[in-house]
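**Student:** Per TrEMBL, transmembrane segment is recorded for B:12-38, B:71-94, B:106-125, B:154-179, B:200-220, B:260-284. Taken from TrEMBL, the feature domain 'ABC transmembrane type-1' applies to B:68-283.
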Amino acid sequence: MQKSSVDIRSLQIGFGGLKVLENLDLHVGESEFLVLLGPSGCGKSTLLNAIAGLIDVKGGEIHIGGRDVTWAEPKDRGIAMVFQSYALYPRMSVRRNMSFGLKVAGTPQSEIERRVGEAAQMLRLTSLLERRPSELSGGQRQRVAIGRALVRHAGVYLFDEPLSNLDAQLRAELRVEIKRLHARLGATMIYVTHDQIEALTLADRIAVMQGGVIQQLDTPKKIYREPVNRFVASFVGSPAMNFIPGRLARGGEMVFVAGVNRLGLNGYVFRSQPTDAPVVLGIRPEHIEMTGADDQSSVPARVEMVEPMGADTLIWCRLADGTAFSFRRDADAQVRAGDALAVRFPADALSLFDEASGQRL
Amino acid sequence: MRLSLTSRLSAISALLPALLVMFVVYIGATSWTVWISLTNSRMLPNNNFIGLRQYEMLFNNDRWITSVHNIVIYGVLFVSLALLIGFLLAVAIDQRVRAEDTIRSIYLYPYSMSFVVTGLVWQWLLNPTLGIQHVLRSWGFEGATFDWIVRPETAIYCLVIAGVWQASGLVMAIMLAGLRGVDEEIWKAARVDGLPKWRVYVSIIIPMMDASFATAAVLLSTGVVRLYDLSVAMTNGGPGIASEVPAKFVMDHLFERANIGLATAAATTMLITVIAVVAPYLYWRARKGEMR
């Protein structure tokens, strides 16, 4: 199976006067699984459609497998695509859905049969080949759509929110299946989603997008641990990151000050020279630790509400000055609403953002 | 549970008009028509039973035979051409053309005209001495000939032209609704698959639109059976009896030629033909419904 890299150079896309993407650069390596993540309207689907050749670009270049395909037809780009609504041909059997494109392209019959058989086996569709899409479940339909993409033996596979129409359980199953497929084929895949769990579980690298701009392009771990700005920090992660406004003060070591609470920042790696402009502290619920009240660095808090979530429990608290935050404990934590406790915010798990620009400090 | 007398009364009185119409107008009038066709009624209905003699006369009647012949030609050509042209118009409009609303209205406009007006307009257009042929000759195309409407062997095709012109817009509207119902992503998938546009229409879109085609075909077919006013307004059945149609045969014999027996025999024959065509279709639909 061939693998292609994808190179996007200062890409511009607009509809009428509206600019959707401007000067976007992106490189996707061979065999890489890249996820484009962002809220609706951030331009991620537009970018994917442009790579597929389904919409015209205003400027810039798209190279696939080292070839400039900016103005090539979709079929000549060496790509295959899977859609949110499956987009199966409704009056054709599963077999015909998978083979029709190849047949029209003039592929020899024996080769078509070999590829369809191979894809069907890989996706456990062999027993469903003679059925029509209307006789299949949602998950089976999407597997057929993936099969239709696989038989093209493309260099790049594009996925446009392929799991969004499925219920939660099927989504999780198919997610694993796609990941397994990537491991087995080693093909280049670009995957669009608004679901951060899908992004974190599948991706080699994630491109978090907002307003037509890639905010951060990095490994899932890096995106989760060190978001470059407040948007990325709040969009990725569930339950969401806590944000506490305050300011920085220098007293021997750097200190974060929010009302009466002071928090030492020994261990935080600053990206830029800290100033005394207002800042926002971000910390993920699972990084907040419960401590004894005698701990020097701890802060007293009162439990407001407890949300059991199965494997663990989300505890909503307020600091003495009313600042709200949540943190995560395992399921058998003996905490009830109204309890008083002490918590600690480890400096190496924090993120600090400039309040005005939202950029990480 | 037993309903009280008053609520049962109100239910019956609510249903009564519909039941009356059903029994008196449809079943009553139809059975009476069938009965009269078995009598020797002429100007006024009577009850002298003569068996199938009227039908014998009917099928020995040149004018009836021509009518049946014409309705078959008209039916096949009108339905298939209207479907084809209507579909092509819809496809053309579906290419995201500018001024789509205006064009759609223009296409649909003929349907807002009655058959009488349609017939008159096309009678003038096709009339060799003042229509298309005349215009072409006055432009200098001396040899131009378009005189189908005055030639007995081609007059029926003139009815087809007028009928198709009138009905294509309606078919377009139905087809356009069907085309708009096609998921945008199917088009994208087909482009990625490298399918040419015509191939997408033929192999994927048209099979998806069977309901639209069925609706349009049923509407057009009812127009075929009751074809009357177009023939009256355009050619009045002529030249001679060249463009007679069954409905006109019935009407003429009922009201002009004072031959009720023959007219009802013709009407009954039409009814039986329609039932013979529709019954298998309804049976098939019911079977399909059961299988779901």
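Each Cβ is built from the backbone N, Cα and C atoms, and glycine gets one as well.
What TrEMBL says about a protein is an automatic prediction, not a curated fact.
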**Student:** By a Cβ-Cβ criterion of under 8 Å, what residues six or more beyond either terminus of the transmembrane segment (B:106-125) are in contact with it?
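**Tutor:** Same-chain contacts beyond the ends: 89, 93, 131-132, 149, 158, 161-163, 165-170, 172-173, 228-235.
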**Student:** With the transmembrane segment (B:260-284) as the reference, find which of B:12-38, B:71-94, B:154-179, B:200-220 contributes the most Cβ pairs under 8 Å.
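**Tutor:** By the under-8 Å Cβ criterion, the transmembrane segment (B:260-284) pairs most with B:12-38.
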**Student:** Grab the same-chain neighbours of the transmembrane segment (B:200-220) for me: Cβ-Cβ under 8 Å, and only residues 6 or more beyond its ends, written as numbers and ranges.
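**Tutor:** The answer is 78-79, 82-83, 86-87, 91, 167, 170-171, 174-175, 177-179, 182, 186-187, 190.
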